[in-house]
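Asks: Pasting a structure below so you can have a look.
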Amino acid sequence: MQSRLVQGIIHGTKIRGFPFCLTYILVGFVLGYKQVGVFPLQSLFLIPIFLSLFAIAAIINPLSDFESGVDQKETSNDRTMFDYGLKDYHIWNSVYFLTSCTIFLSIIAFWHLEFDAMLYSFFYIFIDIFCCLGYSLKPFRFKTRFMGGELATLIPYISIVNLSYFMITKHFLSLMDALFKYPALTLVNWTITANLFVDIEEDKKDNSFSSAIVLGESITAILLVAIPVFNYIFTIFSAYQNNNIFALLPLLTIPMNRDVLKLAFKKQKSCKSFQAIHSRQIQGIIHGTKIRGFPFCLSYILVAFVLGYKKVGVFPLETLFLIPIYLCVYCISTIINPLTDFESGVDQKETSNDRTMFDYGLKDYHIWNCLYFFVSCTIFLSIIAFWHLKLDAMLYCFLNIFIDIFFSLGYSLKPFRFKTKFMGGEMAILFGYISIFCISNFMITKQYLPILDPLVKYPAITFSSWLITTNLYVDVEDDKKDKSYSSAIVLGESITAILLVAIPVFNYIFTIFSAYQNNNIFALLPLLTIPMKFNVLKLAFKKQKSCKPLYFKSVMIYNLLFIVGHLFNDSK
């Protein structure tokens with residue numbers, strides 16, 4: 001299929017909205033895991049299964065609305081999928097394909113279950129398929145029936161939580177149990193009711209009897225306020241009953257729901273999107289944190305996970321807390337760097353994409369508020385992740401986290417500003433990533449690693465310093481404005497260029513030696529990234545800033561190939 005049609009299908013499935021659905025799956029997983037303390041890996045099949053179901057519901061709705069003369073392209077972004085040259089048969093073929101994928105994945109996920117459990121699981125899947133199709137398609141078209149849209153959405157999300165819970169505990173969960181364990185299930189209804197309230201004029205063209213039309217705008221508005229209020233009261237009651245202060249965290253979303261209601265009562269369709277709330281500043285913060293670069297950092301965490309798992313054969317789920325912890329640490333370092341460079345008169349907007357975050361209306365206090373928020377989140381998540389450990393282990397973990405926070409701030413902020421010191425940037429990054437490796441490995445093996453151990457077990461950890469040296473080499477003219485004493489300035493371009501070649505050569509030689517020593521031919525897979533390193537160096541020696549995204553990509557792919565190579569190796 002041509003790329004333009006594929007882009008249209010991806011646009012039509014609104015795949016970017018799947019994290020909303022994914023959160024309900026994760027809730028079921030967490031409730032089940034807390035019940036039995038075990039997480040069967042085959043439960044993860046539910047994620048692609050419900051991804052297919054989400055895509056079915058999302059792509060069929062614009063087609064049926066378009067054919068009914070509702071929500072034309074001028075009033076709804078969904079319809080723009082037809083601008084990609086899609087015809088109705090393309091969409092129907094996609095629906096058949098996604099339905100087939102759902103059933104095929106369900107067979108793989110449920111075949112090992114006992115017969116009654118298998119029937120239970122397939123019953124939920126077919127109920128979900130029916131609701132996804134029936135929500136939009138005639139003769140059902142539940143969205144046009146009184147309370148039909150709400151029920152057709154509530155039932156699948158109840159089944160999502162139930163099935164996710166069942167796949168872990170192998171215990172059936174009643175409807176009332178689901179609502180009692182997780183009262184926010186009814187917030188799904190709230191989103192649909194808000195959607196119908198905003199779209200009331202378009203739905204009248206479709207001869208709809210939706211709840212917003214039948215009950216009237218006044219009663220619907222009362223419901224839109226009452227449902228979240230009920231949920232928050234129930235959340236407080238549940239936290240009190242379980243003596244769990246952390247269960248009050250969802251109350252932090254009250255201001256967001258208030259803003260959603262404010263926009264909904266003005267009939268603004270922007271309330272449907274999360275980014276509608278202070279969207280421009282949020283976009284600027286997302287741009288400034290360079291969140292799209294986090295997979296690079298994540299690849300180092302995954303390397304340590306794999307090496308730890310290969311050593312002990314066990315993967316404690318609480319280890320996964322390290323991912324959001326280091327996401328926050330990553331955001332700390334990336335959002336403060338543009339601000340400090342901007343204030344120092346280095347890397348102006350014309351020469352660096354980082355500075356464009358200020359085009360979104362961000363002020364320095366916005367960035368400092370984000371910084372305080374990320375530091376608070378890091379500490380809070382660390383407390384949750386490490387509280388169950390023994391005192392010495394807890395101190396070790398917190399020491400690593402505080403080291404990472406210190407280097408993330410000290411890399412850019414005065415009086416340290418390591419990036420302007422001789423070898424300061426390289427050491428700050430290297431120690432930061434060694435700390436990431438050590439704590440990720442420790443959370444699985446519960447064994448302390450000496451600081452040199454990561455260099456022996458995983459020589460490519462020095463690639464993190466290579467990235468910074470390359471960056472400083474390319475930005476040498478900009479750094480001179482900051483009175484910097486970076487390695488590229490002190491050593492001179494010739495010696496720095498030799499280092500830029502020597503570090504990857506050393507790493508690849510060590511990779512070959514490690515593969516030979518462990519008798520693992522798959523450990524040679526990272527050698528496939530040699531051409532990428534060559535291209536990075538070629539661009540860097542021309543002082544082209546386009547080498548920056550390429551060197552992150554090359555090291556991330558190295559890490560992923562390293563992981564694959566070790567997973568294929570049978571020996572620990």
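Placed from the backbone N, Cα and C atoms, the Cβ positions cover glycine too.
These came from TrEMBL, pasted as-is:
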- 15-33: transmembrane segment (TRANSMEM)
- 45-63: transmembrane segment (TRANSMEM)
- 91-111: transmembrane segment (TRANSMEM)
- 117-137: transmembrane segment (TRANSMEM)
- 149-168: transmembrane segment (TRANSMEM)
- 180-198: transmembrane segment (TRANSMEM)
- 219-239: transmembrane segment (TRANSMEM)
- 321-339: transmembrane segment (TRANSMEM)
- 393-413: transmembrane segment (TRANSMEM)
- 456-474: transmembrane segment (TRANSMEM)
- 495-515: transmembrane segment (TRANSMEM)
- 550-568: transmembrane segment (TRANSMEM)
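Map these features onto the structure and tell me what's around them.
Replies: For the transmembrane segment (15-33), the list of distant contacts is 39, 43, 46-47, 50-51, 54-55, 58, 157, 160-169, 181-182, 185, 188, 317: same-chain residues at least six beyond its ends, Cβ to Cβ under 8 Å.
Note on the transmembrane segment (45-63): residues 9, 12-15, 17-18, 21-22, 25, 71, 76, 78-79, 81-82, 88, 91, 94-95, 98-99, 101-102, 105-106, 108-109, 125, 128-129, 132-133, 135-137, 156, 160, 163-164, 167 of its chain, located 6 or more positions outside it, place their CB under 8 angstroms from a CB of the stretch.
A Cβ distance under 8 Å defines the sequence-distant neighbours of the transmembrane segment (117-137), meaning residues of its chain 6+ beyond its ends; these are 49-50, 53, 56-57, 60-61, 63-65, 95, 99, 102-103, 106, 109-111, 143, 149, 152-153, 155-156, 159-160, 162-163, 166-167, 170, 172.
Packing against the transmembrane segment (180-198) from elsewhere in the chain are residues 24, 27, 31, 143, 149-150, 153-154, 157-158, 161, 173, 210-213, 217, 220-221, 223-224, 227-228, 230-231, 234-235, 238, 250, 260-261, 264, 267-269, 271-272: each is 6 or more residues past its ends and has a CB under 8 Å from a CB in it.
Within the chain carrying the transmembrane segment (321-339), a Cβ under 8 angstroms from the stretch's Cβ atoms is held by residues 285, 288-291, 293-294, 297-298, 301, 347, 352, 354-355, 357-358, 364, 367, 370-371, 374-375, 377-378, 381-382, 384-385, 401, 404-405, 407-409, 411-413, 436, 439-440, 443, all 6 or more beyond its ends.
Long-range contacts of the transmembrane segment (393-413) within the same chain, counting only residues at least 6 positions beyond its ends with a Cβ under 8 Å from a Cβ of the stretch, are 325-326, 329-330, 332-333, 336-337, 339-341, 375, 378-379, 382, 385-387, 419, 425, 428-429, 431-432, 435-436, 438-439, 442-443, 446, 448.
For the transmembrane segment (550-568), same-chain residues at least 6 beyond its ends with a Cβ under 8 Å from one of its own Cβ atoms are 293, 295-296, 299-300, 302-303, 306-307, 310, 458, 460, 463-464, 466-467, 470, 515, 520, 522-526, 528-529, 532-533, 535-536, 539-540.
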Asks: Do any residues of this chain, six or more beyond the ends of the transmembrane segment (456-474), have a C-beta under 8 angstroms from a C-beta of it, and if so which?
Replies: 300, 303-304, 307, 419, 425-427, 429-430, 432-434, 437, 486-489, 493, 496-497, 499-500, 503-504, 506-507, 510-511, 514, 526, 536, 540, 543-545, 547-548, 551-552, 555, 558-559, 562
